[in-house]
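*Asks:* Quick one: the structure is below, and I'll ask about it shortly.
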């Protein structure tokens, strides 16, 4: 089989089974404002403007490897006679009948190569001609349901599906222990796709028999997915089904060692099991690594998400996880510091000189992003004053540790018949807000200072604006109360967040909106409408101005308070975005999803820079460590997982909770991690011990071979039970007092 590629800057032959045909490479780079593509084919480099397509065409039996066909376009050089040249290109390519049959199945009857065009208009025309040659099929980035379903058109013998699957199952179970754990990952995705193929091709009785025989063999953490899958019993059920689209539009990722992969490949070729091999090639992405196969424990720690594990390449991008350098300004001494003598008349001991605010970050953190990487709001005088107060509080902060655990103050919402769904507490712990299922937002003062609104406009005009206490005079004492109720949403309120300066409050709701409320007037200022479905969570940036929201539409959106449309849309999750959290430096956003993954997004360009898999249920809580280096995540599986953001690795697993974890929070200095759950407990964990002596060598980073110590009980410092109150929020005060909140449940 010798296809002759004529007219490509020097003709030559390239046998299908030669070494070179397996080494097509596609490199994308940027030059100016245009995308440039280099297609390296048998040593010949061709530059192309615009995007490209690549199709992988599986070889028929008898060839050693699959052909990689760069499916770019159908002409050579002339842009004067584009169509004619496309036709000429067709004549310059020869394929043996065996390869031609395989290629026709994948709409690639010719090798198509595309070279430089002078304008985007010519490119589009060229692209259209290419599709004309290829059979008039246009590939879309977002496949519709019919295009997705058509992938299951392969007509295999339905009566043999059980035999194929059981044959592979027996082979894997009889293989060596070192390979068995890795190859067992194939069971679930193969089961799903073989079942869907049977249903789509209307072999309903065979599909039912196949499901009943093998669904019990799948891992327990896939039971919810299998329950949904069992409802797809007819071809009509598949159209528009979200779960089916998830399986089809995203390849299931398996991370397997090269030895295990070769063992599997050899078995399928010997048995001529094309049905399973086709599914492996079409619907799975096998991330092959060199080295020792992973153990069952190592694999179980990382799998469980809707689309398998994360590709190793997904966690290779550089992340600036360090903290931004704080602006420096002097802290005035307290009154007690100014007293030179104590009550006995003796001079007080000289206190050590206090550094300026931000001394913690005086030196530029080498892992920190550039100060101007994203535009952040300038500090107002009130912000500087608040930072001074924060520094004073920090000086009196209790240093926590295994020998000094925090006191816990629990705020119980009694008679919350409206249904408490969200809680937040201000950074200075002066106010607490609750979102309720009756669509109200309720704000309480937790200090003796009551909540007051600004006076009416007529009264404000009478105030002397030059007076020192003008901010006090504008407040209306007649409106003072401990509670303010905010009306505006038309559905349950699922998320709330105070701004760092305590002037604003965010709330998100089932009605698809995010609302910004003024805490000066206690009225709604803006309704942000971008989500088409319920919004599950929202959170302000640590620097204010920006905020993030995530919802049922599977995307997170970045907003600015002065823009009514989102600045960024973070798309990639395969299910609802259930929780969101800003990184302490505000350059990144973490999102947790019902697809059982956590993603880290770059605010600057909207790229996904980390994908963390390992949870066995939807994620409902996220917390960054104060130094920005680590992330803690909690889910319905009752586990807290710890992640090293810089290396993109799981570094710890905390077991103990027996229900969904809705709240996670690090202490102010990062020594303690507190977790709150629906099991009515607050647990405290030793974060310092959990993160010390981490193995982050090159091998671990490259292969993802993590060895999690079974030390949950060693790290658990205390468990504190409520009578019958699920914990929905946790907050450490500036002095490290732990505040917890939840609604009393009589059940």
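A Cβ is built for glycine as well, from the same backbone N, Cα and C atoms used for every other residue.
What TrEMBL shows for this protein is this:
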type: COMPBIAS; residues: 331-342; note: compositional bias 'Acidic residues'
type: DOMAIN; residues: 156-284; note: domain 'TFIID subunit TAF5 NTD2'
type: REGION; residues: 331-383; note: region 'Disordered'
type: REPEAT; residues: 413-454; note: repeat 'WD'
type: REPEAT; residues: 486-521; note: repeat 'WD'
type: REPEAT; residues: 528-559; note: repeat 'WD'
type: REPEAT; residues: 570-611; note: repeat 'WD'
type: REPEAT; residues: 612-645; note: repeat 'WD'
type: REPEAT; residues: 654-686; note: repeat 'WD'
*Asks:* Looking only at the repeat 'WD' (654-686), what is the mean pLDDT?
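*Replies:* That stretch averages a pLDDT of 95.
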*Asks:* Taking a Cβ cut-off under 8 Å, which residues six or more beyond the ends of the repeat 'WD' (654-686) line up next to it in the same chain?
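*Replies:* Sequence-distant neighbours of the repeat 'WD' (654-686): 394, 397, 399-402, 405-406, 408, 410, 617, 620-627, 632-636, 638-642, 712-732, 734, 736, 738, 740, 742.
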*Asks:* DSSP says what for the repeat 'WD' (654-686): how many helix, strand, coil residues?
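*Replies:* Tallying H, G and I as helix, E and B as strand, the rest coil: 0 helix, 20 strand, 13 coil.
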